[in-house]
Amino acid sequence: MKVLWAALVVTLLAGCQADVEREPEVQLGNEWAKWQAGQPWEQALGRFWNYLRWVQTLSDQVQEELLSTQATQELTVLIEETMKEVKTYKAELEQQLGPMAQETQARVSKELQAAQARLGADMEDVRNRLVQYRSELQAMMGQSTEELRGRLNSHLRKLRKRLLRDAEDLQKRLAVYQAGIREGAERSVNTLRERLGPLVEQAATVRSLVSKPLQERAEAWGQRLRGRLEKVGIQAGDRLDEVREQVQEVRAKVEEQANQMRLQAEAFHARLKSWFEPLVQDMQQRWAELVEKVQLAVGTSPTSESSEKQ
């Protein structure tokens, strides 16, 4: 999206002066190729990079293409593909959190749906901001380039803050989910022990009241019951450890993806800044040359008129 804005800025500024050289095509190299393989969401990100690269290869038609609805339509398709991959990942996450209690699982599913809705709203906001920013650029043709650069830098800072805030919020939610899963599993084990405890005591009472053969049977039955109880406790503990490991794996994946998003945002900010600053400096130099030419032309005009009168 930032590259799309940069291409739009280059095109509009180039249209202000006829003798300005065209911006050379930005070569992304192998940076996009690494997203073609891997998880589905990585492939969707690769298609997004491919679209940005295509925008950069436009020359004479770039202004007409960007000012039309084509860019918005292409962005809509990318949003739909990304949301589809998000839904798939959400279903996979819910499957990994399946052993939780139904009440907790329903709450987790509801919160994940809310997070998904916020993500869709953010992407729609990006698309709407593109349309709004495109209109603002058309109205800023006569204003200072410093103001334009300041607006771009401000938007990039806000985008990075939003990514960091969303990543931290997701980490906190995962910590809450892990604590809820552990508490629910421990509560289930305690409930099971409370239900089986009276049965063990009842077996001991029967054993003391009956004769020796019956007492031996009751003792054997009590031993089997205790063995089953211990087995159930061990299984419940193993299940709790398994659930805890699954939650830790999910949390590690999310933290890794959040770190990748942060690094990509920082690299994107530095790359856009390195592209835009040379353009602004070149425009300032050309503007100074144009002002100097106009001043020279104004200074020589009275001299020419005096020569013609003589």
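The backbone N, Cα and C atoms fix where each Cβ goes, and this holds for glycine too.
Annotated in Swiss-Prot:
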type	residues	note
SIGNAL	1-18	signal peptide
REGION	77-248	region '8 X 22 AA approximate tandem repeats'
REPEAT	77-98	repeat '1'
REPEAT	121-142	repeat '3'
MOD_RES	M140	methionine sulfoxide
REPEAT	143-164	repeat '4'
MOD_RES	S144	phosphoserine
REGION	155-165	region 'LDL and other lipoprotein receptors binding'
REPEAT	165-186	repeat '5'
REGION	203-283	region 'Lipid-binding and lipoprotein association'
REGION	259-310	region 'Homooligomerization'
REGION	271-283	region 'Specificity for association with VLDL'
Let's see if you can do this one: DSSP helix, strand and coil counts over the region 'Specificity for association with VLDL' (271-283), in that order.
13 helix, 0 strand, 0 coil
Do you know the mean pLDDT across the region 'Lipid-binding and lipoprotein association' (203-283)?
77
